[in-house]
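Per TrEMBL, the features are as follows:
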type	residues	note
DOMAIN	2-314	domain 'Acyltransferase 3'
TRANSMEM	73-98	transmembrane segment
TRANSMEM	118-136	transmembrane segment
TRANSMEM	143-162	transmembrane segment
TRANSMEM	182-199	transmembrane segment
TRANSMEM	211-230	transmembrane segment
TRANSMEM	236-259	transmembrane segment
TRANSMEM	271-290	transmembrane segment
TRANSMEM	296-316	transmembrane segment
Amino acid sequence: MDWVDTAKAISIILVVVLHLRDQFEQFSLQSPQLDFFTEVSANLRMPMFFAVAGLFASKWLSKSWRDLGQGKLALLVWVFILWQPVVFAYRLLVHWVLDGLSWQYTAEQALRVLASPIRPNGELWFLWTLALFFVIGRWTAKFSPIAQVATAASVSLIWMTLVEPSLPEIVYDAIGSGWHGIFRYYFLFIGFALFSKQIRTAVSHLKWHTSALLFCIWLDASLLAAYYEIPPNASLFILSLLGVAGGIGLANLIGGLALLRYLGRQTLPIYLAHSAIIAIFLCEITALGLTPAVTFNLYLSTLILTTVVIACALGLSQLKPLKYMYQRPAFPSERVASPSKRKSVA
């Protein structure tokens with residue numbers, strides 16, 4: 001099943017590029033072409049991330065609440081809490097380099113950290129949303145799989161086509177990415193969790209030309225939607241489905257690349273650390289007056305920085321002093337268990 005790890009790798013690379021673009025914008029390094037790329041890939045990036053996460057969720061949704069709580073949920077909650085100070089710190093760093101520190105901004109960021117259990121802060125929203133997906137999936141496990149997916153898809157369709165587009169901007173921003181993610185992506189997560197075996201079997205039988213066709217259909221649809229600025233309420237739900245299909249098609253085509261498979265097995269450490277690393281690099285580039293070197297060829301700079309950021313994130317995860325930034329400590333009841341058994345919760 002090489003395509004599964006490859007799909008995760010594609011998603012995490014696109015996430016790093018997105019957050020590079022976002023921080024480029026903070027440092028006044030805009031590129032319309034890079035903006036267009038992130039807009040087009042948005043329909044593949046997070047939909048496929050959550051869908052593939054669902055493939056690995058099926059085993060947890062059939063476990064007891066105790067096993068789920070001490071397993072997957074404990075890991076997600078642990079890293080979500082532990083990385084809050086990191087998000088707080090790198091945001092203060094960026095603000096200090098660009099505008100100088102202010103008590104008002106510091107207080108605002110501190111409030112965001114305190115409110116993070118109900119409104120997740122920064123890129124950590126993905127972990128918060130994923131944890132809630134496991135809770136909802138376990139809570140509804142007694143219902144028919146078809147009914148669960150149909151209900152979740154209906155809620156997502158209504159949210160994307162009617163509710164979200166009508167929200168005032170201040171309300172949209174106040175809700176935050178975590179809550180938007182629940183309404184947008186739960187149907188993909190639960191669909192891939194409940195029909196994991198069928199999906200894996202179907203993808204394993206895809207021919208290369210079918211995989212290529214799926215990718216091309218998504219790419220054409222996404223390019224047209226971005227170029228003609230089709231409103232999200234008319235396209236977001238369909239493009240999310242096409243993005244998952246196209247992403248799987250692409251992953252199936254290039255699943256033989258060992259490097260991508262490796263990255264796909266390391267998505268958590270990359271996801272946790274990449275934004276802070278980007279911020280540090282851009283602050284150093286600004287402080288050293290190297291901004292012209294970045295703007296000379298923003299595409300090459302994006303490629304280089306994406307590669308370096310991912311490498312640094314992986315390197316940090318291998319440092320023993322940072323071990324518990326990526327893995328929770330064992331519960332007392334687990335201390336007699338073998339290391340391999342404890343590691344399986346990740």
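Backbone N, Cα and C define each Cβ position, glycine as well.
Just so you know, TrEMBL annotations never went through curation; they're auto-generated.
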>> Is it true that the transmembrane segment (182-199) and the transmembrane segment (118-136) have 3 or more CB pairs under 8 Å, sequence gap of 6 or more?
In response: yes
> Do the transmembrane segment (118-136) and the transmembrane segment (211-230) come close, with at least three CB pairs under 8 A (pairs 6 or more apart in sequence)?
Replying inline: no
> Who are the long-range neighbours of the transmembrane segment (211-230) in its own chain, taking Cβ under 8 Å and residues 6 or more past its ends?
Replying inline: 36, 39-41, 43-44, 238-239, 242-243, 245-250, 252-253
> Residues of the same chain, at least six outside the transmembrane segment (236-259), with any C-beta under 8 angstroms of its C-beta?
Replying inline: 2-7, 10-11, 43-45, 47-48, 51, 156-157, 160-161, 164, 184-185, 188, 203, 206, 208, 210-219, 221-222, 225
> Out of 143-162, 271-290, 296-316, which stretch touches the transmembrane segment (73-98) the most, going by CB pairs under 8 Å?
Replying inline: 271-290
